[in-house]
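S.K.: Pulled the feature table from TrEMBL, pasting it below:
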type	residues	note
COMPBIAS	449-459	compositional bias 'Polar residues'
DOMAIN	34-254	domain 'Cation efflux protein transmembrane'
REGION	440-459	region 'Disordered'
TRANSMEM	31-50	transmembrane segment
TRANSMEM	62-83	transmembrane segment
TRANSMEM	95-116	transmembrane segment
TRANSMEM	136-154	transmembrane segment
TRANSMEM	200-218	transmembrane segment
TRANSMEM	224-243	transmembrane segment
Amino acid sequence: GTIHLFRKSQRSLVGKLTHEFRLVAADRRSWKILLFGAINLVCIGFLLMWCSSTNSIALTAYTYLTIFDLFSLVTCLISYWVMMKKPSPVYSFGFERFEVLAVFASTVLAQLGALFILKESAERFLEQPEIHTGRLLVGTFVALFFNLFTMLSIRNKPFAYVSEAASTSWLQEHVADLSRSICGIIPGLSSIFLPRMNPFVLIDIAGALALCITYMLIEINNYFAVDTASAIAIALMTFGTMYPMSVYSGKVLLQTTPPHVIGQLDKLLREVSTLDGVLEVRNEHFWTLGFGTLAGSVHVRIRRDANEQMVLAHVTNRLYTLVSTLTVQIFKDDWIRPTLSSVPIANNILNLSDHHIIPMPPLKAAENLNLVTSTPAKPSSPPPEFSFDTPGKNVSPVILLNTQTRPYGLGFSHGSAAYSSVLSQGFGIPGMGATQGFRTGFTDVPSRYGTNTRGQPRP
């Protein structure tokens, strides 16, 4: 075949993913995450086998939280990868939105798992199977220990930010109300219970508590329906915890302005509009680029005598305190000049010597017009100055030329005089008896000052 020199080889998708994974694995900080990921896969395998042997759907719902921990570890790896990558021509704002997308996908998948549990639980209410409790309690404590150990050992920056920035779930609100009641009785526990609890730790503890209650009720009374009820409770807690995070990360993906910074942005824009030389601030748009990163663009109109670089420096200095990625468009004020004509101009209109007559639209029939006023000669018509049928009505705009024109055939000289013949027309020396005066075109009118129309001197 043909050999193409200096042609880059195109990598496949698997090859690109392998290259990026090697880039992340080269960092020692990611070794810990990879180790926890391998242990998580082993734990998930054992839990799924125990769910099958015990026939417990509540343990299956709790196992889905362990699968969510695997998604959170992958998100943490993506966060490390984003910190290593630099902006490229394709991704000019960087790769921070990848970790936002990873958080959104993880929370949505967790909610889909909760909906699947609700669907299976509704089917079990019709025909409740027998639950074996041999490994139910063991699986509960294994999953609880691994979930808490993973959440507390690895600092997951994206999920830590989202859990604090997103609105509280209904589980957090109920636990906060209970904590206030307990702290009212024992004030010494306020430092432990009153701060906002981690939603992931809270759901892990609540799910384990529901499974312990299920184990006790099945062992004492063989009440198998409590397993289905516990599965529904764990699914609702999972859905209620993940939903606010999905909403928050979804708004970031939609490039919306965070509500808590709108007031600060308005204050900064008012300060910018009062700077020296700034006339107007318009077309402002601010959005969340990533977790904790705000981007924006703004157009600033300044005076014609203002210094562009000075205004740009002051505007950037004011907005950079809140907007880390900022684009400022500076343009000077431009006076708006009215146009002479609203119709297209012909190409030969610039040749003034070829145009002496201003074209006018045709009037009505000559027999209906008055030669003096050029209006219909009717007894009931209004005065000429108020006539609605005057030649000036519905006439397209025309361009008035600089040349002075006179009608033909009335005994007047037409056209502009040549520059060399100005003195011969009596323009510069009045009273010399020239053939044409200064203010008229009649040849027999004397152009001497101080004489009347009959050539007699004035008294």
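FYI, residue positions are counted from 1 along the chain as it appears here.
Backbone N, Cα and C define each Cβ position, glycine as well.
Keep in mind that TrEMBL annotations are predicted by a computer and have not been checked by a curator.
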S.K.: Please tell me whether the transmembrane segment (200-218) and the transmembrane segment (95-116) touch - that is, whether there are at least 3 C-beta pairs under 8 Å between them, with each pair 6 or more apart in sequence.
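M.R.: No, the stretches stay apart by this measure.
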S.K.: Is the transmembrane segment (95-116) packed against any residues at least 6 beyond its ends, judged by a Cβ distance under 8 Å, and which are they?
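M.R.: Distant contacts of the transmembrane segment (95-116): 61, 64-65, 67-68, 71-72, 74-75, 78-79, 81-82, 85, 87, 158-159, 162, 235-236, 238-239, 242-243, 245-246, 249-250, 252-253, 289-291, 293.
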S.K.: What parts of the chain pack near the transmembrane segment (224-243), using Cβ distances under 8 Å and only residues at least 6 beyond its ends?
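M.R.: Tertiary neighbours of the transmembrane segment (224-243) are 56-58, 60-62, 64-65, 68, 107-108, 110-111, 113-115, 117-118, 120-121, 124-125, 128-131, 169-172, 199-200, 202-203, 206-207, 210-211, 213-214, 217-218.
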S.K.: Same-chain Cβ contacts of the transmembrane segment (31-50) under 8 Å, 6 or more residues past its ends?
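M.R.: Residues 25, 59, 63, 66-67, 69-70, 73-74, 76-77, 80, 135-136, 138-139, 142-143, 146, 150, 153-154 contact the transmembrane segment (31-50) from elsewhere in the chain.
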